[in-house]
Each structure stands twice: as structure tokens, then as C-alpha cells.
Amino acid sequence: MSFAPLALVNAGLFTVQLYVNYAMSRSIGPMSRKHETLITPAPYAFSIWGLIYTLLTILVVVDVFYPSISLFAGSPKPGMLRLIFAASCVGNMTWIVLFSNEQIHLSTFVITLLWGTLFTLYVYMISDRNKHELSYARYFCCELGLTIYFAWTCAATLISFAVSMQQIADDYLSLTVYIILLSVLGVATISAVVFNNDVAFGLVAMWALIAVSVKSFPWERAAIERMHENIRVCAAQNAAMVAAFIAITLLVRLLARFSNNYEALDRAPPVVNGKSDTARIYYGST
């Protein structure tokens, strides 16, 4: 078995990334609470990182040991994609170190770069999926992890913007700004669901939006408490819209599948007594 050098490098980088995240895990929570925003999800939502890292581990292992189903190895430029994934590992580690040390603006800049690397991988992944027949092995072993990672990073990046803007303003932001940030996530998610048929992306965004809508927090001022109630309603509405588009997308796909099956049956030659009538049937003598 031959190994791609960059696949091995990525395996090493990803292992270091897991260690850095584990080492910094105790400081992330307190720092997040110190820089609380009105669109930060309830704490349970961050458990999704366990799923993300599990699926990314599978992706890295597949790329090293089973390149035949690897998203990277099967691309025209595997080296380029692997370098982008390596950059995402570095970006993830850099972000968590900066945020843990309260370098808010630098961490926002870095998570934006991380978002850019994942966006590039996501665009390639969708393009490749549209050009070729869907491989379930590749989807579950490679694409699903990147999709969930990217979708969650979209939400995390918007939250990071809110944290930076609050630090600049030295106060909470206006209701309009928070609603705009939630709406950006909602529109991006609906676009992914409608144009890319990406239900997984939609489910991750719903997870984040629902966690925002159910969050309770002891705000210091009554005005902030009232604003938070409005934001919770907005998040719930966005989650409901995403759910509706997911349901519509699944229904359309189901109807299309039945339609294709019906058309295939309609084009098939009729059968008489178990045999196709393509063999001419004669009655009487010739």
C-alpha cells in the first residue's frame, strides 16, 4: 500500500489539532461566558464538536489507508485539497489558542480564514457531487464530516463577529444587528438546502438556531432581557423556515424518484404472458 505524503502530514496535523482542542477545552467555556452574546447558542449545542471530530477522524484515516474512496485522492488536484485541509487544521488550532488568550479580534480574523478554507473544500465537494454519481461510502466517510464542520463554522464565525463588535462597542449591539446576523445564517442555510440539496447543512444550522431560541441567561438589564426574547423568537422563526425548506426539498426528491421510476416503467416494452411483445406475435397462418 502506497501512502500520499500530504495525507500523512494531515493525519499528524489533525492529531495535534485534537490535542490542542483537548488542552484548551477548560478555558474555552469560561472565555465564551465572559464574552457572552445574544446569539450565542445554549451550551449543549457545542457538543456537536464531538460528532465533527469523529467524522473528521474517519476522513483522515480514509485518506491515508483507503484512498479509493477519499474525497482528496479522487480529485484532479489531490495535493491542493490536502494543503487546504492542512490550512484548516492550522487555522483551527490558531483560533482556539487566540480566543482562549482573549485575543478577540485576532481570533475573529483567524476564524474567518478558517471559514474560507472550509468554504473552498465545500464548493469543490458540491461541484464534484454534481458531476459524478453519488458514492455513499465517500459521502459518509468524507463529505458528511466536512459538511457538518463547515455548517457549524458558519454559525461560529457569525458569533465571533458579534463578540468582536461588542468589544468595540463596549456594550451589547442593537437588536437589528443580531437579527441581521441570524438572517445571514438562515439565508445561507436555505441556499445550501435548495440549491445543493444539502439536508445535513440545514440540520446543523437548525441545531444552532434552536439552541439560540431555547437559551436562558441571567442578563443584568431588563432591556437586554427583552431584546433577548425577540432574538429567541427570530432564531425560532429561522429554524422553522429551514425545517420547511428541508421538508420541501426531501418531498421534491421523493417525487422525482417516483416520477423517474414511472417513466422508466412507461418506456419499457409491454409484457404479454411474461414475455415482451418485442417478439412479434402471429395469429393464424402466414
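Heads up, the Cβ atoms here are built off N, Cα and C, so glycines get one too.
According to TrEMBL, the protein carries these features:
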TRANSMEM  6-24  transmembrane segment
TRANSMEM  44-67  transmembrane segment
TRANSMEM  79-99  transmembrane segment
TRANSMEM  106-126  transmembrane segment
TRANSMEM  146-165  transmembrane segment
TRANSMEM  172-193  transmembrane segment
TRANSMEM  199-217  transmembrane segment
TRANSMEM  238-256  transmembrane segment
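With pairs at least 6 apart in sequence, the transmembrane segment (146-165) and the transmembrane segment (199-217) have 3 or more Cβ pairs within the 8 Å limit; the two touch. Beyond the ends of the transmembrane segment (146-165), by six or more residues, the same chain brings 35, 37-41, 48-49, 51-52, 55-56, 59, 71, 104-105, 107-108, 111-112, 114-115, 118-119, 121-122, 125, 173, 177-178, 181-182, 184-185, 188-189, 192, 198, 200-201, 204-205, 208 to within a C-beta distance below 8 angstroms of the stretch. Below 8 angstroms of C-beta separation, residues 71, 75, 81, 84-85, 87-88, 91-92, 94-95, 98-99, 143, 146-147, 149-150, 153-154, 156-157, 160-161, 163-164, 196, 198 of the same chain, each at least six residues beyond the ends of the transmembrane segment (106-126), sit close to that stretch.
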